[in-house]
Amino acid sequence: MDPCGDPAVPGGDCPQTRGPGLQGASGQEGPLQGTCVDSSHSEHEDRNRMSEELIMVVQEMKKYFPAERHTKPSTLDALNYALRCVHSVQANSDFFQSLGPRGAHQADVTVYSLEDLTALASEHTSKNTDTFAAVFSFLSGRLVHISEQAALILNSKRGFLKSVHFVDLLAPQDVRAFYAHTAPTQLPFWNNWTQRASQYECAPAKPFFCRICGGGDREKRHYSPFRILPYLVHVHSSAQPEPEPCCLTLVEKIHSGYEAPRIPVDKRIFTTTHTPGCVFLEVDERAVPLLGYLPQDLIGTSILTYLHPEDRPLMVAIHQKVLKYAGHPPFEHSPVRFCTQNGEYVILDSSWSSFVNPWSRKVSFIIGRHKVRTSPLNEDVFATRIKKAASNDKDIAELQEQIHKLLLQPVHASASSGYGSLGSSGSQEQHVSITSSSESSGHCPEEGQHEQMTLQQVYASVNKIKNVGQQLYIESMARSSVKPVAETCVEPQGGDEQKDFSSSQTLKNKSTTDTGSGGNLQQEQPSSSYQQMNCIDSVIRYLTSYSLPALKRKCISCTNTSSSSEEAKPIPEVDSSQRDTEQLLDIRKQETTGPSTDIEGGAARTLSTAALSVASGISQCSCSSTSGHAPPLQSESVAVACKPWALRTKASHLAAGGFKHVGLTAAVLSAHTQKEEQNYVDRFREKILTSPYGCYLQQESRNRAQYSCVQAGSTAKHSRCAGSERQKHKRKKLPAPVDTSSPGAHLCPHVTGLLPDEQHWGPSASPSPLGAGLAFPSALVVPSQTPYLLPSFPLQDMASQGVGVSAAWGAAAGCPPLSAGPQAVAAFPSAYVDTLMTIFLHNAPLFPLWPPSFSPYPSLGAAGSSELAPLVPAMAPNPEPTTSGHSQRRVEENWEAHSEELPFISSRSSSPLQLNLLQEEMPAPSESADAVRRGAGPDAKHHCVTGPSGSRSRHCTSGELATATAQQESAAASGSSASSIYFSSTDYASEVSENRQRPQDRQRDEALPGAAEESIWRMIERTPECVLMTYQVPERGREEVLKQDLEKLQSMEQQQPLFSPAQREELAKVRSWIHSHTAPQEGHLQSCVACEDRGSVGDTAEVLEQHPAEDTS
């Protein structure tokens, strides 16, 4: 039963069922009730009439239902479709009205009158009798002007056309296409096109097609296809005071291409594009007169629907060939029969090509170029279809699914992806011209193409390229790490060098052979495709980012002379590394016989910038992993390793010869960073010194002098447990020279293990530094923001010489000589004061000075400010207390004398390379010099202060030499590994190491007694009123702050990514803490700093194996 008749049922039954009953009642009752009966009867008649009108409207609406819906529409479907049409028209009307005269761009807009429009229309329509011009308003939608021949073309009256909306003339199924192509924002101005008409033969506007009818009854209307070109104009009329935006359309009627005037046979060509699912994506406008369909009729529908049922299976074979020759020039296949709009069939000779997505390697769409071979029987392709073609939707769906699954396979052809020689549908005509498809599409790929590469061949080629690239990468890494060593270090001679050279030469020859074979492979195969080049590029990027474990763990500065092939081997055991280290020391011991005379001549007093860059790059190599494997060395080996070597000749050679440009390297970046930091600090200091308060700040900095002592002895494990920031800015610990004559001169095992990996010092002709010349270490790395090369000297000999040593060192370094007393040091100019580094020894204090160019951390204040470079660890810890009470008192007296005369000495050290530490940090409450003197007595005990977290580094402090800043940074060492303050250890270290759970407050009180007198507030009190900032921070209540935070969290909660249940299960298999909804526990690593062995060398090796990711160079 048709639901269309549902509204008529109650209306039709009502008068028949209820009418007689009412009449019978009126006959039995009196005349007073007759009046009520007549009124109710009239109401029923009105109801019936309204019901009949409703049925007529619904039937009329069903006529406008889209023709694509082959099923009979119901009343509900018709009403919904009508509602959607109303909403669409209303939305477009609102959009046009919102533009108004101000919505469109008004630059260079020409306003036309109605007379001008008439002249324009007659000018462009007089050449073609099937063309007319129509202008409709964007605000009202009504026609403002229409040509005279429009009534003849549309077979309608002229008066009717002037009073109607232009959209009312369109077929309902074409309204959406009309609105999509006439949006004012995308229409070109008419005057702009006419000005460039001589340059362009075609109009810049994009044409579209619609069916338009004239007047008459709706049932007798006949829609004809028209080609429309829209333009934007502004019309001024008497009804509108302001110019009104309008659309000028040039409408041309389309005739069948097989009727007069016929399209030539050799020009009956059009192109189509469809998806792997056989759905039309694009249809050439040349197909409209040849097939009778408008582009919007075909787009979105299946191509199989329009093919003859017997030709549909051919599409499977066609798409199989499309997959086989994807990316190649077009190929031809069997002709197919295509159904036109009037129900007749035309035979098409088609050539097919495809576009391959270069990323997914799948066919994205298929391009068909079709040429009509035979015309349809009924040449009027726009005629109404008499009989409906029977189509089996089930068969079409099965074929579509089969073709879609076929084209889901990736393409492995070696040819370049894309259209091949076809280009695109627009550029296609440049290749194919107007000739037949068989003549223009080129030869078939079976004849001239190379044999297709199989998947196994592609994989073999990729693997071969990968092996070659990996070997080249290893060779480049070995060359980059060995070359600086050869220039800055004394190369060992012997069997090891020959073995390294032979292995390196073997690798070079092998790489050359592989490269040559790769070149032969490239000559044999055809030109590489985009996919092959992309694959090779991915392999190269993978190899570049890939870090070999051997390169990580065996990157030893200045001793890494092994070849890349040896680096690829696993890490040797502890015993083998010990033997290698001892053997290396024996070799170098034999070579430390030649005297050094370069210091006398002063060939190289300072290093060049290139040497700085190279050494800073070398110093970034990590020696922490090998130091963990190296066992304690014998005392004589340590003594030999610590003796100065003559390396000045190499340094002068580097400075004189210069360096070859190697591009952007770590050394170049380090030098650049050093330069930028130096410039920044210099500008900041200059700004402060030139301010009105420069003198006050300079004086204030001298009044706040503090002191501290330094101890070397941090292990590589300590630097590795530091966290992410410490890993980025690692630095090498200085080898601590030990006086072997002293009974307590025994190094910590981990500190001793560092020595083979450090840059060793050259031999000296005289055991005394006062002899032939002072030999400096090749690179003294200061724990500053960047590694720096700084001149230094053997501390063990300098400590025993006293005043003469200071004078000799000053002469050798090119600086004013140091006298025994502190007055000579205080007499240095401010430039030297800024770059002073204080080194405390057990016997006599020594204050080496560097030139200003080597300033690792220039002061942020005035000259002589207390903000100095980080103190260099220069002394190894003593495992046993060897100094007597008398020597302790002497150290204390010397320190007090120096601290009184040297107000610029400060213990506010900063951490390694961190740009954020350039900012001023407020110190913790510090104790005064008097309080330190009171606490530093002959009976003062030494304390080992452990941070809040046992997993972090521990610092052993000395009671008589501790300062207030040491208290601040020792407490902060638990949360950050950037602290570089070290303190000398004594016999109390073993006691504290056994009981590490002492309260932090108690340890702090014992280590730093009375450290609460001087604070930052005393400095603020002495600061003038005009210097202090005068703004006030507004008060914020606790409840208000919590409320705002809660609102922000709630607003951000919806933006947070959520895991799906499957992802949670997958993660839970690896991370068990996800089930409990808790944070993962942090791993704890304990580092040993005391001289007693907190963990054996084997434990260190286990930590290295468990945490390979932290062991980075």
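Each position is counted from 1, following the chain as shown.
Placed from the backbone N, Cα and C atoms, the Cβ positions cover glycine too.
Swiss-Prot lists motif 'Nuclear export signal 3' at one of the ranges 109-118, 399-408, 1019-1028, namely 399-408.
Checking the ranges 54-63, 204-213, 224-233, 664-673 against Swiss-Prot, the motif 'Nuclear export signal 1' annotation falls on 54-63.
Taken through DSSP, the domain 'PAC' (333-376) splits into 0 helix, 28 strand, 16 coil. When pLDDT values are averaged over the region 'CSNK1E binding domain' (551-750), the model yields 48. Secondary structure counts, DSSP: the motif 'Nuclear export signal 3' (399-408) has 8 helix, 0 strand, 2 coil.
Counting residues per DSSP class in helix, strand and coil order gives 29 helix, 13 strand, 25 coil for the domain 'PAS 2' (258-324).
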